[in-house]
Amino acid sequence: MTTMTVIGCGYLGAVHAACMAQLGHDVVGVDVDAAKIALLNKGQTPFYEPGFEAVLAEALESGRLSFSTDMSAASGRSVHFVCVGTPQKRNEYAADMAYVDAAVHALLPHLSPGDLVVGKSTVPVGTAARLAELVARTQPEAALAWNPEFLREGFAVEDTLHPDRLVYGIPSGASGEWAQARLDEVYATPLQAGTPQVVTDYATAELVKAAANSFLATKISFINAMAEVCEASGADVTQLADAIGYDARIGRRFLNAGLGFGGGCLPKDIRAFMARAGELGADQALAFLREIDSINMRRRVRMVDLAREVCGGSIVGRRVAVLGLAFKPNSDDIRDSPSLNVAAQMRLQGASVVCTDPQAVENAQRAWPDLTYASTAEEAAAGADLVLVLTEWDQYRNLDPEVFGAVVGRRRILDGRNALDPVAWRAAGWTYRALGRP
Ligand code: UDX
């Protein structure tokens, strides 16, 4: 059992804290947001994440987990995870390091000899070395490790308890050895289950995360570029993805063409990576990521163009139903959500848009109070001239084209995620169009 602090209780930190307690450790989660801490201490989750509420309740019940706004809760604990956000800076590609820097500075006075600070946030390469110096200046007998996190929203609990791999960036020499030993204690359960482990230097550990997210973004934009060619030539990108995906070297996962990637990670991480490479004089190496980003953003514009086409050349005054606002299903996260972006564009261009989502309406309402919201797909689509499926929630995949057809004004549907069966929808008299499909 390790006593630990988890600093930052967002999507990453809150789940990490609860899962660490689940693994038997004694954990205090620290965050500056008093409202969030109050909720978590009551066992209420500040965001929607499948399975999280149950793990949180169990961990609180066990007495091994609590939350605080007071950093002095870190005193006397031996491992301190830094899980705060690194959002994109306003009007810049670079990551905003203010939260990471503030968290580490607040932690410094509470460090004791033998403590280990563990960075989990996604940061520009070079950050760990800089923070390690800071730690060494304050508490020479403490050390720092970099342990990037790869969890996906919607699967955060599963990914934290059963990670694909564990990556440790550690310093050389004796402090690196005990840092590794300490992390091995923290992750004893996944290690015993055979989780692969890569032990490396700080820079490599930081780059693993940037490289993994860049690769995933590239895969999505690659298939979306193929979707553009399919649209131009009358081919079907979903069949194309199936066919190339059978090649084990390529693989079918992350080849779902559609509205492209959003969320709090992929978009800002590839931009921060480009910015950092520029500072290092390696910008040419990542020039392709600019194209990955452009392909991704073009999908949103294409969706609005398609809507205009289907509506006979203009969306002005058209009643449009938007199904799905979260950046992906099983999440209430609307950060850089492609669907919300499309909804907002359509509204700005004069359409009368009614949006819905099984979990994200509240967050969307806060960010876009000018849009109109409904609580169900049927309500959003009542009398609609056009329906857009923009986040592939199961609820929308399973809509019955016949029953749903009774509520709309016109049977016209655009499938932004290639989530529906065109044959079934067309058979029920719908005009069905999708990105990258004839
Ligand atoms: C991602 C990484 O997967 C994760 O490892 C990292 O730790 C954080 O960033 P996440 O942002 O939760 O996780 O979502 P992910 O499942 O990767 O999806 C990202 C976006 O890509 C979503 O908007 C999703 O709709 C889109 N996507 C994904 C596609 O458009 N097509 C696909 O085939 C897969």
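Even glycines carry a Cβ here, placed using N, Cα and C.
Whatever TrEMBL says is automated annotation, not expert-curated.
Note that the structure is a prediction, hence the values are computed from the model and not measured.
As recorded in TrEMBL:
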- Cys265: active site, nucleophile (ACT_SITE)
- Asp31, Lys36, Thr86, Thr122, Glu153, Lys268, Arg335: NAD(+) binding site (BINDING)
- Phe150, Leu151, Arg152, Glu153, Lys209, Phe254, Leu255, Asn256, Ala257, Gly258, Gly262, Lys328: substrate binding site (BINDING)
- 321-422: domain 'UDP-glucose/GDP-mannose dehydrogenase C-terminal' (DOMAIN)
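Counting every protein chain shown, the number of other Cβ atoms lying within 10 Å of the Cβ of Glu153 (NAD(+) binding site) is 25.
It is Thr122 that, of the binding-site residues Thr86, Thr122, has its Cβ surrounded by the most other Cβ atoms within 10 Å. Largest Cα to Cα distance within the recorded substrate binders Phe150, Leu151, Arg152, Glu153, Lys209, Phe254, Leu255, Asn256, Ala257, Gly258, Gly262, Lys328: about 24 Å as a whole number. Checking the binding-site residues Phe150, Arg152, Gly262, Lys268 against ligand 1, the ones with a C-beta less than 6 Å from an atom of that molecule are Phe150, Arg152, Gly262. In this structure, the binding-site residues Lys36, Arg152, Lys209, Lys268 were compared by how many other Cβ atoms lie within 10 Å of their Cβ, and the smallest count belongs to Arg152. When pLDDT is averaged over the domain 'UDP-glucose/GDP-mannose dehydrogenase C-terminal' (321-422), the result is 98.
For the domain 'UDP-glucose/GDP-mannose dehydrogenase C-terminal' (321-422), the number of residues in each DSSP class (helix H, G, I; strand E, B; coil) is 33 helix, 18 strand, 51 coil. Cβ neighbour count within 10 Å across all protein chains ranks Ala257 highest among the binding-site residues Leu255, Ala257.
Arg152 (substrate binding site) sits 9 Å from the residue listed as 'active site, nucleophile', taking the Cα positions as reference.
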